[in-house]
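**Student:** Structure in structure tokens, see below.
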Amino acid sequence: MNSKIFAVLLLLGLLSCVLSDQYCPKSSITACKKMNIRNDCCKDDDCTGGSWCCATPCGNFCKYPADRPGGKRAAGGKSCKTGYVY
């Protein structure tokens, strides 16, 4: 009996961990002209209010996490600069 209760609790714990994952939202834009590409952020620390720095075809923008995968976190790095990327 105790092992069944333990198994159920373990399963519920694992399920809650999986369901609580958050991701960058999927971008609705598939392409962007080079002259319109800009980065508002390069890393999560550039964002405020619990938002993340997410990569889109038009640059990096601060977005609130979504429950479904599909988007991509910005890679950042030394070559990343904020502003327009010509």
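Including glycine, each Cβ sits where the backbone N, Cα and C put it.
According to Swiss-Prot, the record shows the following:
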DISULFID  Cys24-Cys54  disulfide bond
DISULFID  Cys32-Cys58  disulfide bond
DISULFID  Cys41-Cys53  disulfide bond
DISULFID  Cys42-Cys80  disulfide bond
DISULFID  Cys47-Cys62  disulfide bond
DOMAIN    21-66  domain 'WAP'
SIGNAL    1-20  signal peptide
**Student:** Near Cys80 (disulfide bond), which residues of its own chain have a C-beta under 8 A away, given they sit six or more steps off in sequence?
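**Tutor:** Asn39, Cys42, Lys43, Asn60, Ala74 - these are the non-local Cβ neighbours of Cys80 (disulfide bond), listed in sequence order.
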**Student:** Radius 10 Å, atoms counted are CB only; among the disulfide-bonded residues Cys32, Cys42, Cys54, which position scores highest?
**Tutor:** Cys54
**Student:** Among the disulfide-bonded residues Cys32, Cys41, Cys62, which ones place their C-alpha within 10 angstroms of the C-alpha of Cys54 (disulfide bond)?
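**Tutor:** Within 10 Å of Cys54 (disulfide bond): Cys41, Cys62.
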**Student:** Given the disulfide-bonded residues Cys24, Cys32, Cys41, Cys53, Cys58, tell me which ones have a C-alpha lying within 10 Å of the C-alpha of Cys47 (disulfide bond).
**Tutor:** Cys41, Cys53
**Student:** Calculate the distance in Å between the alpha carbons (Cα) of Cys62 (disulfide bond) and Cys41 (disulfide bond), and round it to a whole number.
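**Tutor:** Answer for this pair: 7 Å between alpha carbons.
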**Student:** Do any residues at least six apart in sequence from Cys24 (disulfide bond), in the same chain, have a Cβ closer than 8 Å to its Cβ, and if so which, in order?
**Tutor:** Trp52, Cys54, Ala55, Lys63, Pro65, Ala66, Gly70, Gly71, Lys72, Arg73
**Student:** Could you say whether, by DSSP, Cys62 (disulfide bond) belongs to a helix, a strand or a coil region?
**Tutor:** strand
**Student:** Reduced to three states, what secondary structure does DSSP give Cys54 (disulfide bond)?
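**Tutor:** Once the DSSP labels are grouped into three classes, Cys54 (disulfide bond) ends up as strand.
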**Student:** Using a 10 Å radius around each Cβ and counting other Cβ atoms from all shown chains, which of the disulfide-bonded residues Cys53, Cys58 yields the largest count?
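**Tutor:** Result of the Cβ crowding comparison: Cys53.
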**Student:** Between Cys58 (disulfide bond) and Cys41 (disulfide bond), what C-alpha distance do you get in Å?
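**Tutor:** So the Cα of Cys41 (disulfide bond) lies 12 Å away from that of Cys58 (disulfide bond).
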**Student:** For the disulfide-bonded residues Cys41, Cys47, Cys62, work out the Cβ neighbour count at 10 Å and name the residue with the minimum.
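**Tutor:** Sparsest of the disulfide-bonded residues Cys41, Cys47, Cys62 by Cβ contacts within 10 Å: Cys62.
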